[in-house]
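> There's a structure below that I have some questions on.
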Amino acid sequence: MTTTLQQRESANVWEKFCSWVTSTDNRIYVGWFGVLMIPTLLTATICYIIAFVAAPPVDIDGIREPVAGSLMFGNNIISGAVVPSSNAIGLHFYPIWEAASLDEWLYNGGPYQLVIFHFLIGIFTYMGREWELSYRLGMRPWICVAYSAPVAAATAVFLIYPIGQGSFSDGMPLGISGTFNFMIVFQAEHNILMHPFHMLGVAGVFGGSLFSAMHGSLVTSSLVRETTETESQNYGYKFGQEEETYNIVAAHGYFGRLIFQYASFNNSRSLHFFLGAWPVVGIWFTALGVSTMAFNLNGFNFNQSIIDSSGRVINTWADIINRANLGMEVMHERNAHNFPLDLAAVEAPSIKG
């Protein structure tokens with residue numbers, strides 16, 4: 001009898017927990033994905049803050065020349081970063097228990113792996129949680145599809161690119177100037193500016209900003225008057241009201257006359273689908289481009305494409321970019337190798353004495 005009661009009580013506790021996790025009445029929805037999301041994002045955040053403030057220098061290139069990234073070792077908010085794990089570690093999984101000591105783990109950049117792995121699991125489960133809440137509320141599932149674009153971009157720079165390059169030391173540093181350094185080195189080694197997928201991403205981000213500004217300004221300029229001149233226009237809208245708060249016909253007529261008729265949407269649903277899809281597709285392409293460049297399928301190379309009748313090169317913009325790439329490649333990791341990899345790969349000319 002006692003055993004039966006205990007089983008029933010434990011079952012009740014589990015059922016209460018399940019109903020609480022999946023309840024849409026909570027102020028913040030937890031969900032089954034949230035059960036994994038919350039601890040992983042908390043772990044990543046706490047470790048990131050501690051490492052950004054106090055982590056000792058990391059031997060990022062694996063040549064016994066540690067690079068300081070934390071505030072306590074002389075950096076500021078702009079220059080500080082969680083430095084990627086050492087090239088000596090490569091792609092090895094490097095949790096704390098794999099190191100001989102905590103000092104060794106810190107020296108080899110262990111916190112970087114801890115942060116990015118927990119962060120990636122956290123954003124994957126956040127995306128799953130978006131789907132889960134949409135499902136519970138009977139909504140369509142496109143919110144998590146839109147969120148998949150930044151998730152794909154983060155996965156590309158933190159996971160796919162290091163795998164393709166053979167070391168987590170090539171991952172993006174977790175800091176402001178570290179991000180810029182990553183971008184410059186990426187351009188030097190992969191010519192990303194000449195990759196069509198990156199061009200699509202630029203069109204997605206800049207175009208999305210333009211369309212967002214256009215839509216916001218058109219709506220704001222065609223609001224239905226509900227207030228006096230002395231009141232804020234925002235008081236003219238009541239949350240949940242059934243009536244349209246702006247005149248889409250007026251906005252359509254304005255923009256159709258400003259450009260031409262068919263450049264203006266006359267359907268609010270197709271308009272908002274377009275506003276969501278444009279930047280998402282662009283960022284998907286950029287993530288795809290970074291993931292292919294990870295395995296050295298690089299941007300277009302039009303260097304020295306034009307020559308005159310005497311065989312002399314007529315420089316184009318591609319040649320200017322190439323010279324800049326070589327200069328950037330020479331300067332980064334300057335103690336790890338003496339020449340850019342492009343130059344080092346060429347056989348030395350034979351000298352006949």
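Yeah, the Cβs are placed from backbone N, Cα and C, and that goes for glycine too.
So Swiss-Prot lists these for the protein:
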TRANSMEM  29-46  transmembrane segment
BINDING   HIS118  chlorophyll a ChlzD1 binding site
TRANSMEM  118-133  transmembrane segment
BINDING   TYR126  pheophytin a binding site
TRANSMEM  142-156  transmembrane segment
SITE      TYR161  site 'Tyrosine radical intermediate'
BINDING   ASP170, GLU189, HIS332, GLU333, ASP342, ALA344  [CaMn4O5] cluster binding site
SITE      HIS190  site 'Stabilizes free radical intermediate'
TRANSMEM  197-218  transmembrane segment
BINDING   HIS198  chlorophyll a PD1 binding site
BINDING   HIS215, SER264, PHE265  quinone binding site
BINDING   HIS215, HIS272  Fe cation binding site
TRANSMEM  274-288  transmembrane segment
> Do me a favour and check the Cα-Cα span between the residue listed as 'chlorophyll a PD1 binding site' and the residue listed as 'pheophytin a binding site'; whole Å is fine.
26
> Far apart in sequence but close in space: which same-chain residues, 6 or more away, have a Cβ under 8 Å from SER264 (quinone binding site)?
ALA251, HIS252, GLY253, PHE255, GLY256
> Let me know the DSSP-derived helix, strand or coil state of GLU333 ([CaMn4O5] cluster binding site), please.
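It is coil.
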> Compare the Cα of HIS190 (site 'Stabilizes free radical intermediate') against each of the binding-site residues TYR126, ASP170, PHE265, HIS272, GLU333 and report the nearest.
ASP170
> From the binding-site residues HIS118, TYR126, HIS215, PHE265, pick the residue whose C-alpha lies nearest to the C-alpha of HIS332 ([CaMn4O5] cluster binding site).
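Among HIS118, TYR126, HIS215, PHE265, HIS118.
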> Within the same chain, where does the transmembrane segment (142-156) have neighbours whose Cβ lies under 8 angstroms from its own Cβ atoms, ignoring anything closer than 6 residues to its ends? I mean 6 or more beyond.
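For the transmembrane segment (142-156), the nonlocal Cβ contacts are 119-120, 123-124, 126-128, 130-131, 134, 276, 279-281, 283-284, 286-288, 290-291, 294.
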> Can you tell me how many other Cβ atoms are located within 10 Å of the Cβ belonging to HIS118 (chlorophyll a ChlzD1 binding site)?
20
> Where the distance is taken from Cα to Cα, which of the recorded positions TYR161, HIS215, PHE265, HIS272 turns out closest to GLU189 ([CaMn4O5] cluster binding site)?
TYR161
> Between C-alpha atoms, which of these binding-site residues comes nearest to HIS118 (chlorophyll a ChlzD1 binding site): TYR126, ASP170, HIS215, GLU333?
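Sorting the binding-site residues by distance from HIS118 (chlorophyll a ChlzD1 binding site), the top entry is TYR126.
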> Filter the recorded positions TYR126, TYR161, HIS215, PHE265, HIS272 down to those whose C-alpha lies within 10 angstroms of the C-alpha of ASP170 ([CaMn4O5] cluster binding site); answer none if the list is empty.
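Neighbours among recorded positions, in sequence order: TYR161.
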> Return only the integer: C-alpha distance in Å from HIS215 (quinone binding site) to HIS272 (Fe cation binding site).
9
> Look up the residue listed as 'pheophytin a binding site' in the DSSP assignment and reduce it to helix, strand or coil.
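The three-state answer is helix.
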> Using C-alpha atoms only, work out the spacing between the residue listed as 'pheophytin a binding site' and HIS272 (Fe cation binding site) and round it to an integer in Å.
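For the residue listed as 'pheophytin a binding site' versus HIS272 (Fe cation binding site), the Cα atoms are 23 Å apart.
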> If you count the C-beta atoms lying within 10 Å of each candidate's C-beta, which of the binding-site residues HIS215, HIS272, HIS332 ends up with the smallest number?
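Least crowded of the binding-site residues HIS215, HIS272, HIS332, by Cβ count within 10 Å, is HIS272.
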> Could you check which of the recorded positions (TYR161, PHE265, HIS272) sits closest to GLU333 ([CaMn4O5] cluster binding site), going Cα to Cα?
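Closest candidate to GLU333 ([CaMn4O5] cluster binding site), judged by Cα separation, is TYR161.
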